[in-house]
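Got these off TrEMBL a minute ago, pasting:
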TRANSMEM  51-69  transmembrane segment
TRANSMEM  89-109  transmembrane segment
TRANSMEM  149-168  transmembrane segment
TRANSMEM  180-200  transmembrane segment
TRANSMEM  212-241  transmembrane segment
TRANSMEM  288-309  transmembrane segment
TRANSMEM  316-337  transmembrane segment
TRANSMEM  343-361  transmembrane segment
TRANSMEM  373-391  transmembrane segment
Amino acid sequence: MGFKTADMPPVDPAQFESMPFMERMRMLATHWCEYGFGGPKTNHMLYLYKLVFYVVGGVAVVALTTPGLGGIGDFAAWWGELIVYQKLIIWTVLFEITGWASSSGPLAFKFKPFIGGFLYWTRRNTLRLPPWPGKVPFTKGDHRTTFDVVLYCSILATLAFLLLTPGFESSALPGSDAGLLPQWGLLTYVALIIVMGLRDRVVFLAARSEQYVAALFFFGILSNHVDMVLAAKIALVTIWMGAGISKFGHHFTNVVPPMMSNTPWLTSLKFKRALYRDYPNDLRPSKVAWAFAHIGGTVVELVLPLVLLFSTNSTITWLAIVGMIVFHIFITSTFPLAVPLEWNVFFMFAPVWLFGGFPASEGYGVGDISSPWLLAAILAVFVAFPILGNLRPDLVSFLPSMRQYAGNWASATWAFRGDEAEDKLNKHLVKYNANQVDQLAGAFGKEIAEIFMQKAMAWRTMHSQGRGLMSLMMRHLDRLENYRIREGEFVCTTLVGWQFGDAHLHNEQTITAVQKRCAFEPGECIVVWVESQPIHRSTQEYKVIDAALGVVERGYWKVADAVAEQPWLPNGPIPHTVTWRSPGYTPAGEHPHPVVRASVSA
């Protein structure tokens, strides 16, 4: 990547769209191997400035608003003060829920403006996605109301209060000059964010509630600071280990090569090519990529957290802390496309403060909890959603399932029949951000904008789901070249103001809301959508959705078939099994697939 200029693929922009679509995918995927997304490194500098503000601002706010700590000049006195950890969680949540942390900036394809977040959630009539509108009273509807805006602002006010309030003396932490945050304030936030989650799951997930809400809840109800510390420790361990377990299987190995190819400080083309089996002919991951994925990733997330939780040896504990810090530094340095950078920085601080500041050898081990029943309850809270989400991913977002960047995601690809169909999103939806292609076109022109938009699709084809999704597109579109084929996450972020790799946020519920406003004709907007792979199954279930007709086909494909193919599908679509098709519907593509009897239930 150039510092101020982009690294463009070797094609004349004026001739790019005259190429067959899958040839474009091959060229762009091959270019990604060496240059990643290809944007200028000035994009990454924006995130570094933001991280500096996050760190310096967080420390400054804690110091200025917590008199008992003694100020920044007496930083050593902060050690062992639990309120520091509480306030930095609140600071991080405030960063996330306003849209300034994850899913912000050019690496999340937000160019002008830099964020979505609060720009959407303080505006009436933007899209709202309740998780169970037919089951939970007072949650029906698909648009943001005055109540939703007031609720969101109330959450921000509660977080601001918790951040700015001085610590209160608490019997849970006797002898502390700094005190703790008021438990009623913490529980107020927990209650408000749950209500918001029932009204709009986008805001709930954007606050990274799966990471922080349960810990704040236990801070709010426990009466013993040892129990509080242990609950916070168990939260970290289950997050790390959930992520480690989710990396079992075929998917994660496919994540690492494109992620590392997009790393701005990795400039060795020889090393990047070594991540693939036979660049440029075979872009499946190499043994080098497998080692990085499962020795540098899976093993670290499974072994070191257990060492931290149970070690009573100071040296071993600190070695494990350093190992987790290095792990998160590396992830941060790769600038993953969801850009959860603040989360990674917090997870560098967290093991230092919890496992270093409250070591198991000094009365903060698992055996020091006040009751085994409390330990069982804490474990149940933290492992319930990961277990359910891995067995039934259709019921739980991959975020509460703790499958962060595991590659095993619900995913989708949208196809609009020409520019006029895509433009309907701008014309008929209440939203703050224009379609990404229009944001890019304003700066670089339409031809360059299209290359970058389609490079995102090439990135998707380098992952297991992308090959299945493009196979379905080949079968359900009359011709790929007749459509603007878009990465679903990029569509999602302009529709609802946030995205994090979770296609549950742009499933048929969202598509129905879009159709209500845009009135697409049959065949004008086609979405192919696939669910995450259950941990005990070898298949992924998909559905094809015509915005005008609803779900028109369901079925599944074998994950092994998807990972065996090249991103550009030289052998045509991967095999799949159709388990249901809408009566009267016929796939329009060159590769129609007959309905066959399902060998497993859909």
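Any Cβ shown, glycine's included, is placed from N, Cα and C.
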For the transmembrane segment (212-241), could you work out the same-chain residues 6 or more beyond its ends whose Cβ comes under 8 Å from its Cβ atoms?
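Result: 82, 85-86, 89, 92-93, 170-173, 180-181, 183-184, 186-187, 189-190, 193-194, 301-302, 304-306, 308-309, 324, 347, 350-351, 354-355, 358, 363-364, 366, 368-370, 374-375, 378-379, 381-383, 386, 402, 404.
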Taking the transmembrane segment (343-361) as the reference, which of 89-109, 180-200, 288-309 gives the largest number of Cβ pairs under 8 angstroms?
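The stretch with the most contacts is 89-109.
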Could you pull out which residues elsewhere in the chain have a CB under 8 Å from any CB of the transmembrane segment (316-337), counting only those six or more residues past its ends?
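37, 44, 47, 51, 107-108, 240, 259-260, 262-265, 296, 300-301, 304-305, 307-308, 344-345, 347-348, 351-352, 355-356, 359-361, 405, 459, 501.
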